[in-house]
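> This is the feature table in TrEMBL:
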type     : residues      : note
DISULFID : Cys237-Cys239 : disulfide bond
DISULFID : Cys270-Cys273 : disulfide bond
Amino acid sequence: MSDQVLKFLMADGAVRIEAVSLTSTWQELNRHRSLPPAVNAMLGELVAASTLLAATLKFNGSLVLQIQGDGPVRLAVVECAAGFGVRAAIKLSPEAAVPEHASFRDLVNASGQGRFVIVLDPKDKLPGQQAYTGIVPLVGNTLAESLDYYFASSEQLPTLVHLAANETCAAGLLVQRMPAEGGKEVTDIDAWDRARHLAATIKREELLGLPAQEVVRRLFWEEPLAVKAEQPVRFSCTCSREKVAGVLRMLGAAEIESILAEQGKVSVNCEYCDTRYEFDAVDAALAVRGSPDAEPGGAVH
Ligand SMILES: [Zn+2]
């Protein structure tokens, strides 16, 4: 079965429930990396979180979770594009020694200087429209705690997130109290309490070992749930030779010539999928000059 993020509503819409379990997507996304186990688990949790967060939004575009860490992890970026195509990039500190059981805090906020932002980048931006950026306070020891705090403080939505990841699986569960709509009476005021208590009983082994559907069934079997959506998730990188050419153009002729003089060619590896793009002297010159069908400017990504 393909990887999916599942969305349900409980108690006539009083509570939102989402679950995700990524196996093939997670393994493919991470195939070219060999990370210390604690870092690998952190990246997997970030990937699962990106799909859960994207699934809470009515939004056509990319959701990016970006952490600039002050510990062994210098940068972690996960992007969940419209249609749930996910990809991730990570950079470790060169002198990083990662203890096996390093916590999220140890990895990215060891001395309290870490930064965690959520960026929502609309697919078809109107002229002058900016991406939305929200700051996620790095509180507690886990990524899930930071996200709970973000939803409660920035979005005023009580939320409970559970995340887990290992070599083969990246999984998560999110329960969230929904705002009452347009003064509508909330008929089931205990629903949120029930939902968060049930969700709190989930075990790490269950999240990692069971399909998302089964996780939800086991926890909420006494609650009639309305199925809202089952959305397929896949690994997808949007890099291209044209985008890399755009980056070479931004570096400028002088810089490119010095790389050519030193190495005989320019090679660039995509930080997300590790695809290698090579430009010999002729290709590099064309790239710097900019061919009419190349994409203007922009980043590799
Ligand atoms: Zn790529």
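Each Cβ is built from the backbone N, Cα and C atoms, and glycine gets one as well.
Computed from a predicted structure; not experimentally measured.
What does the local environment look like for each feature on the list?
In this structure, Cys239 (disulfide bond) belongs to neither helix nor strand by DSSP; it is coil.
The secondary structure of Cys270 (disulfide bond), as reduced to three states from DSSP, is coil rather than helix or strand.
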> Taking 10 A as the limit, how many CB atoms besides its own sit near the CB of Cys239 (disulfide bond)?
20
> Pop the Cα-Cα gap between Cys273 (disulfide bond) and Cys239 (disulfide bond) into the table, whole Å please.
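Here the two Cα atoms lie 8 Å apart.
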